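Visitor: According to TrEMBL, the record shows the following:
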- B:127-501: domain 'Myotubularin phosphatase' (DOMAIN)
- B:276, B:277, B:339, B:340, B:341, B:342, B:343, B:344, B:345: substrate binding site (BINDING)
- B:339: active site, phosphocysteine intermediate (ACT_SITE)
């Protein structure tokens, strides 16, 4: 196997491992193609400690004459330390970890080798397809249809093969409209609100360019969404200045005169580099003993999350909405998925939420591989990195904190996703689009995380014991005091988080005790 | 007589939910002898807002607006309301009445002397015996071979602001005690606050020594020696001055100051730097200004919060409490704590350390005992600090509020560590200021006796105990036992207490409460179980297995999910609560209604 060339020293004895919540332990360290394995010689019953190399964000080594210390900073924000006897071994291990953790060939990644006994590659990959999703929504069948125009990914390389569009728009029009949108991402339906009949759509920016080109088909497509009397909002997640600037490079925005009935609003959401750096700053600040909570929350990260909700408040105005920024693969998805969580009780169940993530992020072409190559510790600064998905999870957590009964899923699920998106046994977050996933064989040769999370025993762990379905929209407060630091994520390796985990367990027990059949209890007391 | 002004007013009332732009509600304002009541007439459901006069901190007339004369009322429990009154004369009337009613000139005019919840005299008298701080010394194992209780202060001659029963080291002679008292500011001599059985370490409290530049007192030195010797596990004791060093040094010029470690054998002297009551009052003022901002931006809010310094002060108090607890539990050392007079910062720090060290104070009853012991009986000046009556505004300071906030911060860090929940702290806070009960009236025990509060007023503790069902923390795990809490005091762990300072801004609270939900399902479960057992008993009686109902009633309460509470109490509580409300109503200007 070709991994072996990266492994200079496969085994080292008498290594001391230091990690949060555990006493330092001595044992054997083993480097394999995808994992660091640490086994404690003395403790025969203890399972070996397994660390996915992909999880390692940064590595620091301090070799000395007879030994060396390696500090591993992981993408899940955990920091580990290995004391390795022998300088050469230390350097070898460090260089193996460095090269193995940064392998970029998708088909060599661990999900292609992960074969747990409880899953079969014969299973359907993913929870649902566009067609299945459409079939379930009877109420939209009159006005909307599934178009296979992208079946060979030629219209938009980052869209799934099937999308939902207005009934009156034929595929030919779609092809032309797609040429007018960056990356061919023409406006498609993501949510239909039953009560009002309004919709949320998303796309990428129009390519109007410096000479204000227009596209009849694109205009027709949007006109078909609202009949003349209604008003729709186009939410541009860039500032109007940014949108103006985009025209110079061929992008642009919908001009008022061409899109009758649509009103354009600019609501800037940070993305890309700014977002990545805000995460780095926040994680740094969390480790800084002198920061007060106010100083901590002054980091850009919180501005990002609160501005998401400010955008949502426009979406909720009872009008149809089209969201886009520039590429339509980041902030647009953030807005559309948060809006759905707030409005749609079906998306707040465990399966519903995972379904939402699959539709709005995986199928919709969020470039996970580019965005989540590195996390907060890495010194490598790649151009395309941005923790948009982590920001989504933070926003969802804030929402769940304000409505602790409304969500069918629990905080551990959000934490698990925050970890899996960076380093995973599953193929779900590999690649940048549906097309890439097909080409590299992800769907045939890896397992799907979402399906695994819905297995009976996992499902219980990730369900919210307090869940009580509500049909109402859940409106969060967006006042500054309502926003909090997500301790479960950013301080998850401190004792504080342990107490929170304990509290969750107690809640779980309490609720299950309360919901046990009554006669069972009586039998117990009598017996 | 108190019924001097009863107004009937029509007023536009803007329910000041600062964060939701609600339409103002129109209704009628009633001023009674004890409450301000606003009844909304605009909606179909009759909605009432009651504000007890003593809760009112400031009344402010604002410039005339298009709709009328605005009146801004801020309360000591951080409720802020904004009235617009159509007529100037009415506005003047309300303004002046509220000023007089909120802060009467005499203590005898406080609500507690009027409040009568239709209990009989025996209940009232027994109520005052419900919490006995002296019993707590027994619980700690006193008297024992090291410590004993003395009645040297029975006529408040030794120290007028202390309780009559004091814990002192067994080896301290009478003249040592007397001498030491003379050398301490206001006679507040070193006395036992908490004795930690496991380590023999003790927490003692006093006021600053009258050491000036160079004075010393042999008896005081002996007293500290005696305290130190009462702990065989340690060769030294800590003396903690909770003031910033500069303040303590400034006091030396006035003939007070701090212990010179050269004169006392085997002490380790330590400053912990908690600011004085004036700094705290100003800091709270700044915090409240932040809370009052209308739709602040994220950075305005955070900058305001940071600049108020409030959370830094809370951290300073917590740090000191943690220092004490660690000294006692980990180093097995005794600690003597003082500030200037030893009734503000010292009370905060000693009671916090007790909570960290002893699980008992993390229970509903334990917190009552602690407040009774460290605050009420040791002379925290509630009358002055809370501004119950018209007096020197410079004596007002949120010292007790800070203590509760520290406890809340602990509860946030240890969600399973406390038997009580946030509501309990808020309710105690309400009653400290409401003057509905006699407990928090007066500056010290002697004053309370002179006012004969136990004969004229009711105690709040039985009232809270009756309602304890709603103060239960369902996550409480008694299994934590006597584990010493070791909270993290990193600055980022001190959060803004939305539940206290924005309690009345419902828009800002989480929209659903885990606590309420758990309490409800537990309640349902308990009721379900009760029905089930009742039903089974009936069946059993019908089958002739069981004899009759009477024997059943004497059976111990059913095993429930929450150990300390039984079903029967809740329904009764609800009744009692309703009764008290009804009880209040007749005073509410019934003639006019």
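The chain as shown is numbered from 1 upward.
Quick reminder: no glycine exception, Cβ is built from N, Cα and C everywhere.
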Visitor: For the binding-site residues B:339, B:341, B:343, B:345, work out the Cβ neighbour count at 10 Å and name the residue with the minimum.
Guide: B:341
Visitor: Summarise the model's confidence over the domain 'Myotubularin phosphatase' (B:127-501) as a mean pLDDT value.
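Guide: Looking only at the domain 'Myotubularin phosphatase' (B:127-501), pLDDT averages out to 93.
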Visitor: Looking at substrate and its recorded binding residues B:276, B:277, B:339, B:340, B:341, B:342, B:343, B:344, B:345, figure out the farthest C-alpha pair and report it in angstrom, whole number.
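Guide: Binding-site diameter by Cα atoms for substrate: 12 Å.
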Visitor: Below 8 Å Cβ to Cβ and six or more residues apart, same chain only. Which residues does that give for residue B:276 (substrate binding site)?
Guide: B:243, B:247, B:340, B:344, B:345
Visitor: Helix, strand or coil for residue B:345 (substrate binding site)? Use DSSP.
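Guide: Note: residue B:345 (substrate binding site) is helical by DSSP.
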Visitor: Residues other than B:276, B:277, B:339, B:340, B:341, B:342, B:343, B:344, B:345 within 8 Å, Cβ to Cβ centroid, of the substrate site?
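Guide: In sequence order, the nearby non-listed residues are B:242, B:243, B:346.
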Visitor: Does DSSP give residue B:276 (substrate binding site) helix, strand or coil?
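Guide: Assignment for residue B:276 (substrate binding site) reads coil.
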